[in-house]
Amino acid sequence: MKTQLNTNTSKTKVEKEPPLKGTLVSVLFLGFFLIFTWVSVYFLFLNRL
Amino acid sequence: MMNGTWKVDARDGKLAMAHIYVAFVALALGGLAGLLQVLVRSGKFELPAGISYYTILTTHGVLLGLVLTTFFIIGFQFAAVSRTAGTLSDRVRFWGWVGFWLMTIGTAITAFYILIGEASVLYTFYAPLQAHAGFYIGLTLVVVGSWISGFAMFAHYAKWKKAHPGQVSPLLTFMSVVNMVLWLICSLGVAATVLFQLIPWSLGYVDRINVLVSRTLFWYFGHPLVYFWLLPAYMIWYAIIPKIIGGKMFSDSLARMSFILFLIFSIPVGFHHQLVEPGIDPAWKYLQVVLTFMVVIPSLMTAFSMFATFEMYGRSKGATGLFGWLRKLPWGDARFFAPFIGMLFFIPAGAGGLVNASHQLNQVVHNTIWVTGHFHLTLATTVVLTFFGAAYWLIPHLTGRVMTKAMNRLAIIQTIVWSIGMIFMSSAMHFAGLLGAPRRSAFSTYGDAPQALEWVPYQIAQAVGGTILFIGIILVLIIVTNLAFFAPKGETEFPVAEVAEQAERTPLVFENWTLWIGIAVVLILIAYTVPFIDMIQNAPPGSKGFKLW
Ligand code: HEM
Ligand SMILES: [Cu+2]
């Protein structure tokens with residue numbers, strides 16, 4: 001099976017990665033929010049045991 | 001290149017629009033039912049003429065959860081495959097119409113039995129609640145119709161592949177195919193319970209039903225169902241929004257990979273809806289919860305990809321600082337704004353989902369109105385606002401019109417109204433749920449129990465939010481009617497994004513269907529075979545049917 005073939009843009013790869021600091025901070029914030037919510041309800045669960 | 005025709009062929013457009021009309025009629029009627037529900041649950045209003053709350057609630061759930069979604073999705077996908085893989089052949093289009101009419105007739109039959117009060121079994125139609133057989137038969141037609149449309153899309157995809165050997169298929173076509181494969185595999189479960197259990201039982205051919213088996217088959221279908229709703233929204237996020245904002249897709253491979261992961265991990269997980277169900281060994285529940293949490297991976301990949309798309313675009317426009325790129329986004333464009341707000345709502349929605357899926361935390365929220373609050377974020381905001389945002393260009397594209405500035409402004413207002421209404425309604429639902437308020441119940445103070453009295457203020461807030469939401473429904477119906485029938489004639493673009501230059505090439509392995517469907521089937525067999533046999537071999541006596549309304 002062939003694995004590497006054309007795509008919509010067949011241009012050559014540009015070496016430099018785009019600076020995505022805002023994205024990094026955003027997903028970290030998202031992760032913390034998920035954990036925070038989970039832990040909050042977990043403590044509610046513990047309190048009601 | 002490879003975007004096929006620029007414009008969806010008029011004949012394909014008609015097929016897509018037919019689906020979209022039904023979807024918005026369902027929104028109108030279902031929205032009205034929703035308004036009645038929040039009013040009843042506020043305790044200040046009673047339904048006239050002895051109409052049952054559960055008749056209204058069944059109408060709402062079926063029309064919005066099943067009809068609006070399925071019709072919009074199939075209509076949108078027909079348009080998307082026609083746009084990206086070329087005009088449908090006459091045969092494919094013919095079968096698309098057959099699917100459409102079967103679904104529409106089925107919907108009419110089901111709606112009829114709900115409205116005459118013979119089928120107030122809610123949209124999940126759990127046994128031992130028993131509806132008139134016509135309810136199940138109508139639903140069967142809806143499912144069969146959707147299968148026919150699914151196969152029509154597969155045929156169209158196969159034709160494209162044949163004409164383009166060795167090439168990667170257009171992204172939107174690929175995604176539509178994944179979604180229909182997902183739908184096909186999962187709806188086998190609901191078809192099995194409807195055909196082999198519910199219909200014979202409701203017709204009186206058999207007296208008793210194995211409740212656990214029917215619920216398990218339902219949830220084998222029910223969880224992937226939510227991904228069937230969500231994936232078209234992701235199509236719009238991944239493959240269309242970047243074009244709308246004037247940017248590029250972050251990565252085509254990442255998008256395909258996340259779709260494949262959804263296909264694999266969203267089916268063998270139905271037990272997370274049955275965590276408190278007796279009769280399923282906890283070890284199997286545990287396994288399915290682990291598989292459920294695998295879905296976090298493609299979800300976070302999607303979040304990352306969206307942030308990255310926006311940041312790359314903003315920076316290309318000269319944005320600086322950590323979040324300067326946010327300011328460069330086209331906030332005044334409803335085609336962007338509505339889906340973007342939908343994305344934001346997916347953050348609390350996803351957080352709530354993690355709570356629901358955790359066995360212990362599920363005991364805090366199970367069958368409370370928290371759950372209703374949760375899926376009014378996921379489905380009734382994230383998905384629905386994304387669909388509205390898509391309708392704002394799709395409908396004029398298909399009807400040869402353009403959206404006016406005034407309508408665009410109204411659509412922005414619509415999004416804001418929806419957000420405000422939903423913040424009130426959904427937050428109230430979440431908090432009341434944490435205090436134990438049940439879902440699927442008309443108003444009651446349970447003999448003035450102190451706990452039940454705590455819920456009342458939240459139920460009032462819920463009614464305020466719900467009323468605002470209903471205004472949102474009226475607004476979107478005005479916009480859609482305008483776009484379909486009254487907007488000025490002209491050409492509207494069907495936006496399809498291109499991939500960023502830095503992105504890796506897309507490998508063909510994503511289209512190795514034998515591999516992916518094979519993995520999905522293996523996981524399903526692992527997750528379900530043993531507990532399913534157990535449910536049949538060690539079943540208690542079956543249940544007679546009940547009509548409790
Ligand atoms: C005016 C807007 C809306 C209002 C006021 C509203 C209100 C409600 C309420 C109060 C319930 C729960 C009632 C109960 O459990 O007793 C409910 C359930 C539900 N809603 Fe909505 N909703 C609205 C829009 C939507 C939309 C747009 C969708 C989907 C696209 C949707 C899908 C559902 C579903 C699937 C249920 C579950 C029904 C059940 O538990 O059987 N709703 N809605
Ligand atoms: Cu689920």
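Placed from the backbone N, Cα and C atoms, the Cβ positions cover glycine too.
Some features that TrEMBL has for this protein:
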type: DOMAIN; residues: B:1-549; note: domain 'Cytochrome oxidase subunit I profile'
type: TRANSMEM; residues: B:20-40; note: transmembrane segment
type: TRANSMEM; residues: B:60-82; note: transmembrane segment
type: TRANSMEM; residues: B:94-116; note: transmembrane segment
type: TRANSMEM; residues: B:136-158; note: transmembrane segment
type: TRANSMEM; residues: B:170-199; note: transmembrane segment
type: TRANSMEM; residues: B:219-241; note: transmembrane segment
type: TRANSMEM; residues: B:291-313; note: transmembrane segment
type: TRANSMEM; residues: B:334-355; note: transmembrane segment
type: TRANSMEM; residues: B:375-395; note: transmembrane segment
type: TRANSMEM; residues: B:416-436; note: transmembrane segment
type: TRANSMEM; residues: B:456-480; note: transmembrane segment
type: TRANSMEM; residues: B:513-533; note: transmembrane segment
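Sequence-distant contacts of the transmembrane segment (B:456-480) (same chain, at least 6 residues past either end, Cβ-Cβ under 8 Å): 24, 27-28, 31-32, 34-35, 37-39, 41-44, 388, 391-392, 395, 407, 410-411, 413-414, 417-418, 420-429, 431-432, 435, 437, 443, 445. Long-range contacts of the transmembrane segment (B:375-395) within the same chain, counting only residues at least 6 positions beyond its ends with a Cβ under 8 Å from a Cβ of the stretch, are 16-17, 20, 64-65, 69, 72, 76, 79, 226, 229-230, 232-233, 236-237, 240, 244, 334-339, 341-343, 345-346, 348-349, 352-353, 401, 403, 408, 411, 414-415, 418-419, 422, 425-426, 429, 476, 479-480, 483-484, 492-495. Most Cβ pairs within less than 8 Å of the transmembrane segment (B:94-116), among stretches B:20-40, B:60-82, B:136-158, B:170-199, B:334-355, belong to B:136-158.
Listed by sequence, the residues of this chain that lie at least six past the ends of the transmembrane segment (B:136-158) yet keep a Cβ under 8 A from its Cβ atoms are 66-67, 70, 74, 77-78, 81-82, 85, 88-89, 91-93, 95-96, 98-113, 125, 169, 173-174, 176-177, 180, 183-184, 187, 190-191, 194-195, 198-199, 202.
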